[in-house]
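Swiss-Prot has this to say about the protein:
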DISULFID  Cys26-Cys115  disulfide bond
BINDING   Phe27, Gly29, Gly31, Asp48  Ca(2+) binding site
DISULFID  Cys28-Cys44  disulfide bond
DISULFID  Cys43-Cys95  disulfide bond
ACT_SITE  His47  active site
DISULFID  Cys49-Cys122  disulfide bond
DISULFID  Cys50-Cys88  disulfide bond
DISULFID  Cys57-Cys81  disulfide bond
DISULFID  Cys75-Cys86  disulfide bond
ACT_SITE  Asp89  active site
Amino acid sequence: NLMQFELLIMKVAGRSGIVWYSDYGCFCGKGGHGRPQDATDRCCFVHDCCYGKVTECDPKMDFYRYSSNNGDIVCEANNPCTKEICECDKAAAICFRDNKDTYDNKYWNIPMEGCQEESEPC
């Protein structure tokens, strides 16, 4: 669920998902249209695509289980659908961490008019 995603981002990337990623670029926080503006926005685009492939449960609401083993996140496999959600969130959190250096404040809270291009396929 979204609260778990926030906690996972904090654990992996060391920053708040709500503060840093809830309104960034064309895909972080608002659903998504257009083309990703940078590597961070692409993390959100890929995350949106990943959530789009989850059909048997609700990625924004359903609870999943994971553990941390020497800093690595391990999604539990008790329920295949919630494991999928966990894997989506884990990949995004790692992507945010790996692209911290490219984060650009100019993409924070950009007007949606800047996101009108046709979206690329997932």
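Cβ coordinates are placed from backbone N, Cα and C, and glycine is handled just like the others.
Highlighted in sequence order, Cys26, Cys28, Lys30, Gly32, Cys44, Phe45, His47 have their Cβ within 8 Å of the centre of the Cβ atoms of Phe27, Gly29, Gly31, Asp48, the residues recorded for Ca(2+), and are not part of that set. In this structure, the C-alpha atom of Cys49 (disulfide bond) lies 10 angstrom from that of Gly31 (Ca(2+) binding site). For the recorded positions Cys26, Cys28, Gly31, His47, Cys50, Cys122, a Cα to Cα distance of within 10 angstroms from Asp89 (active site) holds for His47, Cys50. Rounded to a whole number, the C-alpha distance linking His47 (active site) with Cys88 (disulfide bond) is 6 angstrom.
Among the disulfide-bonded residues Cys28, Cys95, the residue whose Cβ has the fewest other Cβ atoms within 10 Å is Cys95. A distance of 15 Å separates the Cα atom of Cys88 (disulfide bond) from that of Gly31 (Ca(2+) binding site).
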